[in-house]
Structures are given as C-alpha cells and as structure tokens.
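To start, the structure under review is shown below, and the notes come after it.
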Amino acid sequence: MALVLVAIIWGSGFVVTKNGLDNMTPLFMNAMRFIIASILMSVVFFKKLKTVNKSDIIAGAIIGSFLFSAFAAQTVGLQFTTASKQAFLTATNVVMVPFLFWFISKRKPHNLEILATFITLVGIGFLTLEGGVALNSGDLLTLLCALLFAAHITSIGHFAKKHDPIVLTILQFIFAAIFSIILAIPFEPINLDISGQGWFTVLYLGGVSTLIAFLIQNIAQKYTTSTHTAIILSLEAVFGTLFSILLLGELFTIKMVIGSAIIFVGIITAETKWEFLRKKSQKINNENI
C-alpha cells in the first residue's frame with residue numbers, strides 16, 4: 001500500500017507540474033524542488049546526518065545522479081513530444097527494471113513478474129497513447145529518461161538493504177539538487193520573481209512529490225524487489241490520468257478504462273502470482289475426490 005500512495009502522489013504531481021510550467025522554466029523548477037526537499041529532509045532528520053559515512057555518500061551520489069538525469073531528460077524531452085506519448089515511454093521503465101535487476105543481482109525475477117511487466121506496459125499503452133508511435137528526438141530523450149528511472153529504482157533496491165533509507169533519501173536529494181543547479185545556470189535565466197502559483201508548485205513538488213514520495217519509496221524498497229516496485233509505481237499513469245480528468249478537464253474515454261483494467265491485471269499478477277486461483281482449484285479438486 002505504501003507504493004500505491006507514492007503512485008497517487010506522483011499522479012497528482014503531473015497536474016501540478018503542468019500548471020507550474022506556465023510560471024517557471026523546467027530546469028529551474030527541478031532545481032527548486034530538490035533544494036526544498038534537501039533542506040526539509042536535513043532539518044527533520046538532522047541527527048541522521050551525523051551518522052553519514054563514505055559508503056553512504058557514494059550510494060547517495062549514484063542514486064542522486066540517476067534521479068537528476070532522469071528528470072532532466074524527461075523535462076527537455078517534453079518540449080519535443082506530447083505529454084501522452086511521454087507518459088507511455090517513461091512508463092516503459094516497468095519492463096526495463098526486471099532485466100536491470102537480473103543483470104546487477106544475478107537473480108532472475110519470477111517468470112510471472114516478467115509477464116506482469118509486459119501486461120502492465122500494454123495497459124499503459126491503452127491508457128496514454130493516441131495516434132502513431134513514430135519516434136522523434138523528444139521520444140528518444142524520454143526513452144533515455146525511462147532507462148534512467150529504471151536504473152534509479154534498481155539502484156535503490158540494491159543500496160536500500162545495506163544503508164539507512166532515510167540517509168539515502170537525504171543524500172540523493174542533495175546530489176540531485178547540486179546537479180540540477182549546475183545544469184540550470186548555463187541554460188536558463190535565473191528568475192527569483194516567482195508567483196504565488198509558482199511557489200505552490202515548487203513547495204508541493206519539493207515537499208510532497210519529492211520528499212514524502214521518495215522517502216516512502218526508499219523505505220518500502222527495503223522490503224520488496226525492484227521489479228515489484230516498478231509494477232506498483234506504474235499506477236502513476238492511472239492516477240495521473242484520473243487527476244487530469246478531474247482537475248484539468250481532460251476527456252474520459254473507454255480506452256482509459258481498458259488500459260486501467262489491464263494495468264490492474266498486471267499488478268494482481270505480480271502481487272499474487274494467481275496463487276488464490278490455484279488454491280481454489282486445488283480445493284475443488286480435493287472436494288471432488
């Protein structure tokens with residue numbers, strides 16, 4: 001349930017980000033969200049910083065670099081492609097994660113988990129795609145973004161079991177903030193005249209979509225696999241669509257219903273591996289004997 005909450009938060013974050021881009025530039029927005037998240041985490045968990053060691057810093061830098069570069073590729077790519085196509089292409093990380101996990105851990109995911117990722121991908125396609133799927137430069141950047149998000153999820157899964165997840169969360173935000181500032185300064189004008197809507201955007205993205213969501217993710221991944229995490233987080237596409245309909249007035253279509261249903265089938269496959277059907281079948285067979 002914790003990862004479902006993360007998916008809900010990120011789904012709402014899509015609407016907030018879309019409105020926020022009317023008030024500030026994308027790279028500066030990313031820098032602000034990570035700065036706010038870093039400051040809040042450091043204040044709330046100040047005592048945790050006293051325990052940081054070299055190994056924590058290396059892990060935080062690796063996770064933070066994936067987080068920063070994924071958001072950067074996604075933001076730049078959005079300028080050259082549609083939001084619906086980017087939602088689908090970004091969500092392809094659900095297929096990439098099991099194979100990255102397999103490559104790094106040398107442990108093959110369960111066959112039904114792999115099947116679940118492809119079922120989920122089909123559902124996301126129904127939910128988000130309109131028209132053709134020809135790729136342009138923005139789409140290629142978004143595919144890079146998906147790979148980087150997959151690497152981010154996999155790296156958290158690798159390090160969260162060996163390090164304090166709160167320390168990892170603080171460090172990844174700090175490094176993502178540093179990298180974002182370095183990228184934003186040469187490419188975008190620094191505008192400190194931020195509107196009320198702009199402040200709401202960065203405070204929500206920094207405090208809720210970044211701090212709370214990634215903190216929950218880091219803690220949750222200590223107790224589950226990267227593949228399972230990616231499948232549950234694919235619900236972001238469902239909640240993003242729902243919030244877009246409710247708050248932005250986007251059209252509701254039968255494709256959205258079909259896509260959401262397929263995604264839920266993928267999640268049930270990953271969560272239960274259909275054990276309840278096998279048990280029910282076994283019970284019926286035993287009763288007939």
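Glycine is treated like the rest: Cβ placed from N, Cα and C.
Feature list (source: TrEMBL):
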DOMAIN    2-128  domain 'EamA'
TRANSMEM  27-46  transmembrane segment
TRANSMEM  58-80  transmembrane segment
TRANSMEM  86-105  transmembrane segment
TRANSMEM  112-134  transmembrane segment
DOMAIN    137-268  domain 'EamA'
TRANSMEM  140-159  transmembrane segment
TRANSMEM  166-187  transmembrane segment
TRANSMEM  199-216  transmembrane segment
TRANSMEM  228-246  transmembrane segment
TRANSMEM  252-270  transmembrane segment
Residues of the domain 'EamA' (2-128) by DSSP state, where helix covers H, G and I: 106 helix, 0 strand, 21 coil
Composition by DSSP (helix, strand, coil) of residues within the domain 'EamA' (137-268): 108 helix, 0 strand, 24 coil
Interface-richest range of 86-105, 140-159, 199-216, 252-270 toward the transmembrane segment (27-46), CB pairs under 8 Å: 199-216
Rounded mean pLDDT for the residues that make up the domain 'EamA' (2-128): 85
